[in-house]
Amino acid sequence: MNQPFPISKLGTNAVDVDIRNVDLSYGTNHVLKGIDLHIRPGEFFAFLGPSGCGKTTLLRLIAGFNQADGGEVLVGGRDVSRLPPWKRDVGMVFQSYALWPHMTVRRNVAFGLEERKVPRSEIDRRVAAALELVGLAHLADRRPSQLSGGQQQRVAVARTIAIEPKVLLLDEPLSNLDAKMRVQVRRELRDLQQRLGLTTIFVTHDQEEANTICDRIAVMNDGVVQQVGTPMELYEKPANLFVANFLGTANILPGRVVHEGGERFFDIDGGVRLPIPAQVVVPEGAKLVFRPQHASLAGHGAGDVLLPGIIVHSEFLGSTLRYVVRIGAAEVSIDTPFHSGETLHQPGTSVEISLSLRSALWLAA
Amino acid sequence: MLRHSVATAALIGTALFTGAAFAQSGKVTVVTSFSKDVTDPFKQAFEKAHPGVTLDVQNRNTNAGVKFLEETKANNQVDIFWASAPDAFEVLKSKSLLQKHKPKAEGIPDKIGSYPINDPENLYSGFAASGYGIMWNDRYAKANKLPEPKDWQDLAKPVYFDHVAMAAPSRSGTTHLTIETILQGEGWEQGWRTLKEVSGNFRQITERSFGVPEAVNSGQVGFGIVIDFFAFSAQASGFPVKFVYPTVTTIVPANVAVVANAPNKAGAEAFVDYLVSPAGQEVLLEPSIRRLPVNPAVYAKAPADYPNPFKDPSLGARVKFDVNVSEKRTNVVDVLYDQTVTFQLDALKAATKAIHDAEAAIAKKDNADAKALVKEARDLVAVMPVTEQQASSSEITGAFTGGKEKGARQAELEQQWAAFAKERYQQAQAKAEQALKLAR
Amino acid sequence: MAGATTAGRAHAPSVSSRFMRLSATPGQIALALGITVFLVLFLIVPVGTVIYVAFTEKGTGEFTLVNFLDFARTDLFIRSFWNSVYVSAMSVVVASIFALPLAYITTRFEFRGAMLIQTLGFLPLIMPPFVGAVAMLLLFGRNGTVNLLLDEWFGVKIPFMEGLNGVIFVQAVHYFPFILINLSTALRNIDRSMEEAAQNLGSSGFRLFHRIVFPLAMPGYIAGASLVFVKVFDDLATPLLLNVKDMLAPQAYLRVTSIGIADPMGYVISVVLICMSILAMWISARAMRGKDYATVQRGGGGLAKRTMRPWESALAYATVLLILLLVLAPHIGLLLLSFATIWSFSPLPDAFTLAHYGRVFGESFVYIKNTLLYASIAGLIDVVLGIAIAYLVLRTKLIGREWLDWAATAALAIPGVVLGIGYLRTFYGVQLPDGTPLATLWITIVLALAIRRLPYALRACYAALQQISVSLEEAAENLGATKMRTVRRVVLPLMAGGILAGFVTSFATAAVELSATLMLVQSNADAPLAYGLYVFMQSAAGRGPGAALGVIAVLLVALCTFASHMIIEKSQKAKGASR
């Protein structure tokens, strides 16, 4: 990037996006339910969730392709809810890239500027700069059909940022790329976003993608935002079972709380009992949740409680060993570091599991 | 795959289709240009008179009918050719597609008007006649404040400019006869002059005979040069049209012939005999048909105002008509008309309009020079690229009949004639416009 | 059974694989030969026997091109040629003006009655001969309804129907459905993200349409427009009925049917017509090369249908109504005419009656029955041939396969009367065992209709097959289906919509075909509706019944069309659901 690119100025005046109590239904199908989100200026933000959770609908709503039944969307403090898509200045990169086959790469990128009646010389300069930015200046006169998937994706990005949008929306931008390209392109996207300082919203169903490039994530399910936070917060402190399960592997032990002699115990379904520390708040109907690395086979680490179990399955994963252990009626995964010379426990072996209750969570629903 | 669909077709066929019999005994197949209004009463009457015989009528226009007989002669399935235009029969005759039959009818004279009723070699026979005349839409005439015409020459008057229609003689055998009659009656040069003066007022020259009455009936054109029965049947249907025979009317016969190698020769001859028998002749008097019988005795049964060419001298009798002359130059006359009038109508109309305007100006303010110019213009319009002798010469006629010898090609001649006419129309228009300036 | 499509990717460049690459499976070769025989027998030979005259010298019968020189030297023909070019081009323009708003509004917005409009938009193709032009004149002619009223109110007349104007107007009305159908399909196949991307970048309204939507729909538009151009260029009935003779097709007709004249020029013009048509189709094929914009992708699903604001909706309905009123004018006029006692030089008929229908019902049942039979068999033959030719051209590497396409398409340009005469010449000599000539069987009419309407069905099948990804077939073959079974179980079901569209177009237009039919009808009992109409329209008293018969024809064909539209819509929905 030797050439100064005009867009880089934008970083200083990046805007925030405020989504307030947005509701949307298609007939009887309630797709978005009271969404409240605040995306900070210059933030790389992800909507993460399984397919059908409403994340793409929400993104399209910000772009103006869906109309909310209630609530509003503010971009940089301005309510854009009633504006048509072409007046929002919200750049979107489509999942399919949506490059127009009848135009060259250059014409594709110039399109938005032409629509804005930017002077020709300025258009040429900015198109060149945008293509330079994505490293495709040498392919400007090709047709989209003559480009590879990764190149098409970069043209789509260049086309969008050429108009210097206030916000950049990315709709599953990596889904049409192969695994290797995906890793490379997501780094490029992150770099680009950092350089431009552009408020960016990214839609994905892949937690790894979201974790690696986003500042904050909104986890969505069933039209509701489940939790908002940094990738680590979400991993460490999931607000509910859904979040816990969707981000990384979570062991979930169902059971019930029993009071006996002034003390509380958790009876795991299948007959295993463990004490509940005094200060811990256990919501009604909660389940015990812990990550595989928060427990170990007895003798390998210091836990708070010991639970009896039987090894069902064991895997050697290189730096760790993973055991699937039956505790009561449930099966849990347990990761222990691999030490040289160690042997795997065979399935059927009875073991004791040492669990750190400080790291464990009690989550209802 | 094809076999499959044919099989399907056959299946559907048996379900829907009762199956057409191909060689039914006692079936007489007729190819005709006459409309249902004419053929239906004859079919009924004939089938009643000859029980067991059915008349299968195939409706085609005259040209298509002739073409059809020509193309199918190798395995002919048609018994009767039945149409108006004598020239079509002449063509069939020259190609030996007709069969000799002298109808067993009595009391039929040799001529109707000045036109011979039967072919001298009995290859075809006249069974009815019709007169040509002028038909007009009354509402149209009143709305445009146009006077009622009485004679051919009336239609050349400026007041009728762009209000008249006629079928192209090359497309309508009866119109051809009318043109030929005018040419023979008035002479080659004067005849063409009259024709072009009238034609200069044309709004359209139609490709089908029926196109003219159709346009007049619907009011798209005011006046049409038509065969009388078109007008009479339109009146019978309630259209606001009127008709007049000009003082000199051409009488054109309608003919019937037995086709060579007719599959049902006896039936065919019976039909021809029936047509010219008194019973058949009477059918002609029906209002929907209304043609002139060739048997003078039948007129006794006709309504009082029925035109009778055998008594009324204005109906055809005053016209001379030489069949031989006509026959020789048929194609030449048709092509001449097409090339100098039909396809040059815009140029001819422009010249005609300019002449009318100039004459109107002169009528208000006399000017000898202008008068001379208008006369020149009229002469330019009237002049023809070929003389009467040339029109009948074998060099020219040969170009149209595809003779065995090499010679002038039709397209070459046409281009010459068209260019000739167009150039003169443009000159005429220029002269008339000049005259108009002088007379102002 | 290694097919040509897969053989192209064979790894070992052995002699046998090279052979496979050039050739095809025996089944495909047999199919190609079958079609070739059919086309040669029912198209090339009959037409050849007629038009070879164009290349012979007068008198000697030797081969010559002098007749073409004559053509070039004759002012009338040159004028006719340019008039034909002008009228065809202008008809495309006017037809586009009719078709664009209808296609756009019905595919792009939530529009009540979109399907009805698509069906009504198809109706003009079913313009019965004679009566259609008569009805148009009664409405728009110099003394038609509109001009009589204009004259009364404002003292002006608009020359809608004068000369070339009239031909352009009527032709545009008659053939605009070709553009409507093709353009609508193309619009439906544009991925919605294509449009959204443009909106996202700040484009909207007309600019969006003009820069993104229309260019993407261009292949469909070109396909429709070229068909309109060729049909108008080759149509003779409309100019003749409007008394315009200085165009090429009417000139050819007038000359071919002149009795007693042995002039090659009619056939010379026919050759020119055929060449021009092939040229036009070739140019359009060239223009479309490399522009396969079938853009429906994953997550796509056609243009988003937008709900209109009230004022937009009012404007859209007004536009649609006005266009429908114009393009359905012939049918409206026809309907009025069929109920009219007398309609002459007046804005509306003098009085109304049902008598015409009474007369027609009794007499014309046989015509209706024949028409449905002939048109449906012809349509069937057409789609079978259409599918086969499209498959051979698009999915095999057979040498010369495009020639099948060109030959079948050339039928578009052959004047019906030339084909009719050719059939008589070729098949009258062929006798059945009982001595009746082959040409007297009604199946001859069906074959002529099938040949004349083959290009329509072929285009529809071609487009349908073009949109099916080869990978779907490869998947089937990979799972063990033979070529035959792949076609039956995968290709045909996916083409169903296009096949039906092709059938409907062939069927509907064959039902009102006249020019070839008139030559081939051998007896009243075998005659189709168009012949019945012709017979009625030759007399003053027959005008009303003729119109009534025309209305019945239009209604019948429209009903069949509507039913097919329903089926297409249904299958489209089913396919959309499974996506």
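Going from the start of the chain as shown, residues are counted 1 onward.
Yeah, the Cβs are placed from backbone N, Cα and C, and that goes for glycine too.
Quick look at what TrEMBL lists:
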type     : residues  : note
TRANSMEM : C:29-55   : transmembrane segment
DOMAIN   : C:81-280  : domain 'ABC transmembrane type-1'
TRANSMEM : C:85-105  : transmembrane segment
TRANSMEM : C:117-140 : transmembrane segment
TRANSMEM : C:168-187 : transmembrane segment
TRANSMEM : C:208-230 : transmembrane segment
TRANSMEM : C:265-283 : transmembrane segment
TRANSMEM : C:315-343 : transmembrane segment
DOMAIN   : C:368-564 : domain 'ABC transmembrane type-1'
TRANSMEM : C:372-394 : transmembrane segment
TRANSMEM : C:406-424 : transmembrane segment
TRANSMEM : C:436-454 : transmembrane segment
TRANSMEM : C:490-512 : transmembrane segment
TRANSMEM : C:547-568 : transmembrane segment
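Ranking C:29-55, C:208-230, C:315-343, C:490-512 by CB pairs under 8 A with the transmembrane segment (C:168-187) puts C:208-230 at the top. The transmembrane segment (C:265-283) makes contact with the transmembrane segment (C:208-230), as judged by at least three Cβ pairs under 8 Å among residues 6 or more apart in sequence. Between the transmembrane segment (C:117-140) and the stretches C:29-55, C:315-343, C:406-424, C:436-454, C:547-568, Cβ pairs under 8 Å are most numerous for C:315-343. The recorded stretches the transmembrane segment (C:85-105) and the transmembrane segment (C:490-512) do not share 3+ CB pairs below 8 A when only pairs 6 or more apart in sequence are counted, and are therefore not in contact. Among the listed stretches C:29-55, C:208-230, C:372-394, C:406-424, C:547-568, the one sharing the most Cβ pairs under 8 Å with the transmembrane segment (C:436-454) is C:372-394.
The list of residues near the transmembrane segment (C:29-55) in space but at least 6 beyond its ends in sequence, with Cβ under 8 angstroms from a Cβ of it, reads 23, 63-65, 67-68, 264, 267-268, 270-271, 274, 385, 388-389, 392, 398, 401, 404, 407-408, 410-411, 414, 418-419, 421-423, 425-427, 447-448, 450-451.
Highest Cβ contact count with the transmembrane segment (C:208-230) among the listed stretches C:372-394, C:406-424, C:547-568 falls to C:406-424 (criterion: pairs under 8 Å). Using a Cβ-Cβ cut-off under 8 Å and counting only residues 6 or more beyond its ends in the same chain, the transmembrane segment (C:372-394) has close neighbours at 28, 31-32, 35, 38, 401-402, 404-405, 408, 442, 445-447, 449-450, 453-454, 456-462, 464-466, 487, 491-492, 495, 499, 502-504, 506-508, 510-511, 528, 556-557.
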